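Input: one structure, supplied below.
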Amino acid sequence: MDRIRIVGGNELRGIIPISGAKNAALPLMIASLLTDDTLTLENVPHLADVEQLIRILGNHGADISVNGRRERQGEGYSRTVHFTSRNIVDTTAPYELVSKMRASFWVIGPLLAREGKARVSLPGGCAIGTRPVDLFIEALAALGAKIEIDGGYVEATAPEGGLIGARYTFPKVSVGATHVMMMAATLARGTTVIGNAAREPEVQDLAKCLNAMGAKISGAGTSTVTIEGVDQLSGARHRVLPDRIETGTYAMAVAMTGGDVVLEGTDAALLDTALEAIRRSGAEITSTESGIRVVRNGGGIKPVDVVTDPFPGFPTDLQAQFMGLMTKSNGISHITETIFENRFMHVQELARLGAKISLSGQTAKIEGVERLRGAPVMATDLRASVSLVIAGLAAEGETTVSRVYHLDRGFERLEEKLTRCGAVVERVSD
Ligand code: EPZ
């Protein structure tokens, strides 16, 4: 199994191109199932999760080509991918495929809306909490679907004549359930109003793409999204928005190691809250013509408290990385996780590098230390694993991160991007 070997101590200097957002690409790819026409997505990152979803969509009958070539031939940075689901050949998403990635459960929305039925295995994904699907079930039931759970599968059937527009207010904000309800409602009869909708930029990006396909969605990016159902959707061409989590991750890496890096092709407006927290820690962040510049020259890292929250709050997907940064602050900071109940698995691994962190319920108390020392550590989930990479870059000596398949799910060419900025990072195979 591959490991990442890091020799810490170097500042980061240079340019890091930011890829298309994984968490936008996945729902956009799934939206292609809503039409028999071709949906072309530009700026699709080359990641294990994207490849896995390509396999899942193929199983439903999607024909997928990359830059005009067949899938799997395309290598390299973010690509243009064409998705055509002329016919849905199978409305079942099997356990073997869905258990590997939670977002694949979201195919339930388009399959149900287009075919009137879907049978989708209960999902898997990063082990960061219980992650139930009750909100999806309630939302689809509100649109008139009959839902049964049988043998580990959710079986959904639309009423005769298709789903029916409805008003539904989520009791809790859910990104995935908002995506699914929005997709399902595009083809429902009548108007749907989603209350307490997720406001994440990825929800806005999906709505923008669906509208380009002929949907009538307004309000995406606010807590109330209105969808007027249409009879059918057509193809479209859409560019996936930049990855705000990748952006924040590299910004935190620079804030931790020191240096001067331009994060190219991204937009500060996607992650204001996180950038503000990084600024307060002592880094300078400015918007440039091509993206964001992050500079930290000398000066210690100041302690900053953060609480994760749905957008526009501090993203849970940057919590582990920010904790990495805080391990070397010159004081005490607190990080509270409010989205997932089990998202502190990086704590014990950061401790192996010399971090001083104690947990009390959903809050971590981090006493900054002057030095971290390299050590072998283990990746436990996607964002936790990259926090270990960041900490390794700022630690003295050698750190090896094992189980890097977690990283490959969400960070395109991580070693290359960091190496180009002066870091010593390499992938080693056993
Ligand atoms: C999305 O997951 C992201 N995944 C996650 O990123 C991200 O951490 C999360 O949103 C929160 O921002 C993708 O976009 C592919 P939720 P999602 O439904 O949609 C609870 C990463 O590292 N909930 O907004 O699965 C749930 O347990 C990943 O890239 C229910 O209770 O998250 C959680 O506590 C990890 N019932 C909260 O809602 C439900 O039916 C928010 O989860 C659904 C969710």
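Positions of Cβ are set from backbone N, Cα and C atoms, glycine also.
Sequence annotations record features per position, and here TrEMBL assigns active site, proton donor to C126. Here TrEMBL flags K22, N23 as phosphoenolpyruvate binding site. According to TrEMBL, the feature UDP-N-acetyl-alpha-D-glucosamine binding site maps to R102, R131, P132, V133, D134, L135, K172, V173, S174, V175, D317, I339. Summarising the annotation, TrEMBL assigns domain 'Enolpyruvate transferase' to 8-418. Marked as 2-(S-cysteinyl)pyruvic acid O-phosphothioketal by TrEMBL: C126.
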Give me the mean pLDDT over the domain 'Enolpyruvate transferase' (8-418), rounded to a whole number.
94
How far is it from R102 (UDP-N-acetyl-alpha-D-glucosamine binding site) to K22 (phosphoenolpyruvate binding site), counting Cα to Cα, in Å?
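Roughly 13 Å, rounded to the nearest whole number.
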Would you mind reading off the Cα separation of K22 (phosphoenolpyruvate binding site) from D317 (UDP-N-acetyl-alpha-D-glucosamine binding site), to the nearest angstrom?
12
What's the CA-CA gap between P132 (UDP-N-acetyl-alpha-D-glucosamine binding site) and N23 (phosphoenolpyruvate binding site) in angstrom, rounded?
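Given the Cα positions, P132 (UDP-N-acetyl-alpha-D-glucosamine binding site) is 18 Å from N23 (phosphoenolpyruvate binding site).
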Just name the most isolated of the binding-site residues K22, R102, K172, going by other Cβ atoms within 10 Å of its Cβ.
K172
Which chain-mates of D317 (UDP-N-acetyl-alpha-D-glucosamine binding site) that are at least 6 residues away have a CB under 8 A from its CB, listed by sequence?
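In sequence order, N23, I245, R383 meet the Cβ cut-off.
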